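Q: Relevant sequence annotations retrieved from TrEMBL are reproduced here:
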- Ser146, Glu165, Ala166, Val372, Glu569: FAD binding site (BINDING)
- Phe482: substrate binding site (BINDING)
- 146-590: domain 'Amine oxidase' (DOMAIN)
Amino acid sequence: MHEVVGYSHLAKSKPGAVLVETAGQVGITSDGKYLETYEEQVHQSFRNLKDALAAGGATPADIVKIRYYIKDWDESKLPPLRDALIGFVNPLNPPPSVLLSAPALSDPRLLFEVEATAMIEPPTCAESRHNKFSTVDVVVVGAGASGVQAAVDVQKDGLSCIVLEAMDRIGGRTFSVPASHLDNGIVELGGAWINDTSQEKVWALAQKYNIATVEQRVEGWDLTILEDGTVTKQPYGEFAFGKEIFDNEIFPVFQELDELSKGIDIQNPAASPRARELDSITVAEWARNSHPSPSVYPMIRMLLESKIGIEPEEISLLFYVSYIAANYGFWNMISDRKNGGQYLRVRGGTQQFAVCLSKELLDGSIELSMPVKKIVQQGPSQVRVEAGLDRVIFCKKVIVTIPTQVYSKIQFSPALPPAKKDLAESTFLGYYSKLALVYRKPWWLEGRTLFSGTLTSFGNGPIVFTRDTSFPEDDLWVITCFCVGEAGRKWSWLPEGARRKAVIDQFNGALSTVFKNIPDPIAIHELEWTKKEYCPGAPIPIMGPGVLSTNAGKSIAQPFDNIHFAGTETAARSKGFIDGALLAGSRAAEVSPEYWLSKG
């Protein structure tokens, strides 16, 4: 048979397997609203398909045949479909599919419809199926690194535990996908870096599970696109502004941020001596009022966009310096070298941490495609958790590890306390998207000029920065482009084809000043976190002025009766990193078994 991309020729059922058939799923929300655009309908249809599969005990990973019905099909309608399929099916082993064009669907407002056939193990297989009702000691909401770590710790204390995950995979904001048809490694579409010094917990797991790491490459020439479009070249780690401007204007700003971070109480930032003062202004106001040099604001903006996908006008100065303090100071936070936050990458992908941890759990402990809908506290150590379409679990305690912004998807009864409710409503995730360009050969390492992989742009396209994310040991050659902050938000409005063209044009345009005959990538992987329903942004929820120093900010890690809260944003150290997620998970689970059971 001829080679195909995006689907398979054949799927074969297993003896005794149960087939689950769905009806056609369309772009209508749960409250009956018809979405207007084709792209919106595609994404909503896949969300509805996931819910329909869950009702039959299946997940997208179980699909063996998928059928698309598209009104007035043409090639321009393919990119949104491909975008929706990222993370929905295995890109290297997608199910057989059929695409049918129709002059009209069942309602004139509908533009897209999808249906699927899934294959699941017989209901007698306890490992992969569950009863409608269960009773356990602890329910963990979310199967990212924080949630799975919490569950492991809970079970080690001899307690029963179930993890409910809304998505169809383990890993949360870590997501490692096969790089290409060459089957020679992965690309990271989520969290990518660790280190072996300050991030002790994640490093201990790397050693425990024999997970190999490679140092981030830090040699060669950097390229910078200045505000006027000029492309400059400088040795790795040096700034395009020149030594004099850096020494006299930029360096003092960085030093001041570092000094401000030293005055932060990382366990309780609101108790820091200057907390209210620092929380009364944005980073933009501080930069423009205290450091009016024209070189300062663009640099601060680039750093904020790069690290947390946010603009200086959106973030409290107290929150920013607290984030710096949690990550061992300004210089370690931005560094790609030893002790830095971006020092090591993980061969095989950072998603391995959550996956390896999950294998320590008892069979059946994690239930995927199971979004929690309601948490009812019925009394001391008496909680009812409702998830999916009809799943009900009775437990003594709940550990919530999802981002604060997503708390609103859960109905809490009684309602969250005012401070915790204000926190959920006042925090927001930065815009963070990755587009990984996979090449057959490392053309940027050939010739006289060795490109470090670092391209930085000051407002001249969707790319804010790039990194060389190759794994030479696997003969895998990748440049990852980060489309973040406001530039990324504007870019996200484009159709998929236009988005990819904008990135390639900007990247090739800058690199063509040094290299000739830049080849096309053999694979492109794109993930816009903002469009993911249960992880709508990365890496951490952000606070504007007047939140962190108030009761709302203070409540971030505080329990609410039987409910405890984790997630990397609740960590005192390594906030925004995988290490912070692990620390927070253990912190939420570290209460003694006697305490958990005392009121049972």
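Just so it is clear, glycine is given a Cβ too, placed from its N, Cα and C backbone atoms.
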Q: Using all protein chains in view, find how many other C-beta atoms are within 10 Å of the C-beta of Val372 (FAD binding site).
A: 24
Q: Inside 10 Å of the Cβ of Glu569 (FAD binding site), count up the other Cβ atoms and send me the figure.
A: 27
Q: Which whole number is the mean pLDDT over the domain 'Amine oxidase' (146-590)?
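A: The predicted confidence over the domain 'Amine oxidase' (146-590), as a mean pLDDT, is 95.
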Q: Reduce the DSSP letter at Ser146 (FAD binding site) to three states and note it down.
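A: Note: Ser146 (FAD binding site) is helical by DSSP.
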Q: What's the CA-CA gap between Glu165 (FAD binding site) and the residue listed as 'substrate binding site' in angstrom, rounded?
A: 27
Q: Provide the three-state secondary structure of Glu569 (FAD binding site) computed with DSSP.
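A: DSSP call for Glu569 (FAD binding site): helix.
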Q: Are any of Ser146, Ala166, Val372, Glu569 (the binding-site residues) within 10 Å of Phe482 (substrate binding site) when you go C-alpha to C-alpha, and if so which?
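A: Neighbours among binding-site residues: none.
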